Amino acid sequence: MTDAALPRRQPFALRFPSVMIFLAILALFTVGVTILSEGFGIGVISTSFIKTLGKTLCLCLVALAMDLVWGYCGILSLGHMAFFGIGGYAIGMWLMYARTEIIVLESLAAAELPPTAQEVSDGIATQIFGVVGSSEFPPIWAFAHSLPLQLAAVIIVPGLLALVFGWLAFRSRVTGVYLSILTQAMTLALSLHLFQNDSGLRGNNGLSGLQNLPGLDDVPQATVSLWFFWASALALGLGYVLCAWIVSGKFGSVIRAIRDDEARVRFLGYPVEAFKLVIFTLTAVIAGIAGALYYPQAGIVNPAEIAPIASIYLAVWVAIGGRGRLYGAVIGAAFVSLLSTWFTGGQAPDINLGFYTISWVDWWTVLLGLSFVAVTLFAPKGIGGLVDILIDRKSPNRHGADLGPDQGALREQEADK
Amino acid sequence: MSTLLEVSGVSVSFDGFKAINNLSFQIADAELRAVIGPNGAGKTTFMDIITGKTKPDEGRVIYGDKGASLLKMSESKIAQAGVGRKFQRPTVFEDQSVFDNLMMALKKTRGPLAVLFFKPSHEDKDKVADLADQIGLSGALHRKSGELSHGQKQWLEIGMLLAQDPRLLLVDEPAAGMTPAEREHTTDILREAAKTRAVVVVEHDMEFVRRLECKVTVLHEGSVLAEGSLDHVTKNEQVIEVYLGR
């Protein structure tokens, strides 16, 4: 008992074996997929499936962010996909601008006089905005010519929006379901704004052709898809380590305490609002980065991507995977989004009942809804709870009481030892 | 002894009901004080006002050497200034170990960045171990606090308060739901704590108050009815009428 009385400072890896296991699995997966790919390997996995896998890794990353803000800090944000979309738009603007610039320069090169800067700019604007009946760059595109500035925007714009939104919401002590509704309103307002043609971001057309990297037309998509796949895997790995580091220390202690009993944390002297704001902003930035990696693989980003339902799906993934544990979020996002691709892609065999044919393209959302309800009722720990069964962890008996009075507090059935 | 906390002329009403009515109260450094009163006397509201949870309609709450007004401070700022509070129901963070609970409460910089890069030193760990010893939980440091018994949770919460190292400790019904042996231990902890700081104990149980051997303030309908030793106030006819005589 004496040596166990106080925890000794062990290396990070030993204290959190799950991080090492996760990184090992991710590395194996990345190498495996590369070997089986068309671009660098034996060609078993098609390029489009590589893209699906790469996109899934990005969804896992944004699910990690969601788990941090909801599973650990108890803020049920239903607006994080807005930050994800903004990340996609930020990188998409540069991709579209730079590629169109090359095309315009090529076509103008045939002219007798060398084109002026104004002619080039007008040419690009006509190409990009012709579809919404405009031929001028809106002010929002001021930095689109610069990759570093747009990369900075991937981090700064979601971060700033989250900071302002969070500051307004948290300082007014908006919590629980009211905050969820506010975040839904935020993502809805943003998507409605972007749907307008004069929003400056091509209205409902969105930004397209993002899969083509400017100046790299010679590189086949089989190769480009792997580049993005690797980048997504790297981002997920780094994101996982960052999240694990945050939740492992005293900061993690405090945010879990905020989740379970906010008022008590205040009386301990912690500025609860500041902690929430840090987590909200940080996770928005992570979501932005995930989006910036996702949309070049998807090829197109449009306002429908940040519709309110997208953020609700995000919460469903985390709930099904098991909130309050990082690997749960990853498992949930990967499992549900891949399954969703399978069902909605028309690959799942329809079930003929004689009088009615269940076509999964239509019925998948119903199945997803039912499984969400079932998980919430019967297996609140989600898929991640299977790990507890495997390593035989039992929960202490809390006599049916939740872990705290707050709405984000873990329920007794969700908590572990 | 100098005055640590001075509450004067404080009133607060909820939907027309006067929960606190022109209440005045003083406590010095290193003093143990029991506050008693029937249900609805305003004991909990009184604590809410001091800790910043409820803002009074009128009156002043002055605290500390510089005479700062607590009414202008947020809950977390008041806690940082050295006012600790124990709730009626034990509120510990059940999902976390006893060690984590105590470490969180330990007096340190409370800002998010300082907390993010915080690494407990040997000193901090020793302090936590000492505290766990005081509250009789050194064998349970690594247990989830959700597993503890009701009495152990009460102690853990008192331990967390001591870890905050407050100058003023507000304790709401610490003996509720405890066994006689646990009550005795709790009395010891509180009397020990009152040697170096001000402790206000709100309690229903007269036997428990008697064992604290301290000055008693009787609240009734939101104001002070009587103040003095327990024997003194129990002889007061008004007190007998509203509280003890029933």
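Cβ from N, Cα, C; glycine included.
As the structure is a computational prediction, the values presented were derived from the model and not from experiment.
Annotation comment: TrEMBL describes A:398-417 as region 'Disordered'. Annotated transmembrane segment per TrEMBL: A:12-36, A:42-65, A:72-97, A:147-170, A:177-195, A:227-247, A:268-294, A:300-319, A:326-343, A:363-391, in sequence order.
Listed by sequence, the residues of this chain that lie at least six past the ends of the transmembrane segment (A:268-294) yet keep a Cβ under 8 A from its Cβ atoms are 54-55, 58-59, 61-62, 64-66, 68-69, 72-73, 75, 77, 80-81, 83-88, 90-91, 151, 154-155, 157-159, 161-163, 165-167, 170-171, 173, 228, 231-232, 235, 239, 242, 246, 251, 254-255, 257-258, 262, 301. Each of A:42-65, A:72-97, A:177-195, A:300-319, A:326-343 was scored by its Cβ pairs under 8 Å to the transmembrane segment (A:227-247), and the highest score goes to A:42-65. A contact links the transmembrane segment (A:12-36) to the transmembrane segment (A:326-343), because at least 3 Cβ pairs that are 6 or more residues apart lie under 8 A. The highest tally of CB pairs under 8 A with the transmembrane segment (A:42-65), across A:300-319, A:326-343, A:363-391, is held by A:326-343.
Looking at which of A:72-97, A:147-170, A:326-343 has the most CB pairs under 8 Å to the transmembrane segment (A:300-319), the answer is the stretch A:72-97.
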